[in-house]
């Protein structure tokens with residue numbers, strides 16, 4: 001059973017002008033598709049074939065002999081999570097239980113935004129910044145290249161992709177502008193809230 005490239009949860013033009021159709025076509029149809037294809041080819045006919053991709057990632061994390069499989073599995077999963085972390089008319093702030101938890105663990109939503117932006121901006125090279133639940137506490141973490149919180153026992157709630165292919169066509173070297181736009185215009189707090197609710201259920 002192969003892992004299928006998920007369709008975008010919005011139209012290719014839905015995030016413009018913040019993320020353009022051209023960026024989404026390259027990012028989803030080329031980059032993400034390549035990770036999915038590489039993963040399916042690498043896992044085929046192994047004893048992990050047919051396992052959910054999350055289980056494969058957790059099983060092989062830290063195994064240097066399976067680094068290629070891990071990188072493609074994690075990147076396939078990370079991207080699927082990222083597409084749900086953004087939406088048209090996103091941004092703003094969460095409400096309800098997640099809003100209360102952010103205020104409790106970060107002091108305020110404004111503190112969270114500052115820390116999240118800093119983590120995303122200071123990820124050296126390619127990678128990701130995440131809002132995660134870790135042993136009952138909300139934390140911001142960043143992962144390099146293909147690494148993912150699910151390999152470290154954390155529950156991701158929201159992510160931003162800071163690989164250059166996520167923003168370079170639209171923002172060139174202005175990663176901080178892309179990060180600010182994500183926070184203010186794109187972040188899908190409904191998705192993050194649903195992930196939080198599931199994690200504490």
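Cβ coordinates come from backbone N, Cα and C, glycine included.
As annotated by Swiss-Prot, Fe cation binding site applies to 27, 79, 161, 165.
Excluding 27, 79, 161, 165, which define the Fe cation site, the same chain contributes 28, 31, 32, 82, 163, 166 within 8 Å (Cβ to the Cβ centroid), listed in sequence order. Applying an 8 A CB threshold to same-chain residues 6+ apart, the list for residue 79 (Fe cation binding site) reads 27, 28, 31, 32, 35, 161. The Cβ of residue 161 (Fe cation binding site) has 26 other Cβ atoms within 10 Å, all protein chains considered. Neighbour list (residue 165 (Fe cation binding site), Cβ cut-off 8 Å, at least 6 residues apart, same chain): 26, 27, 31.
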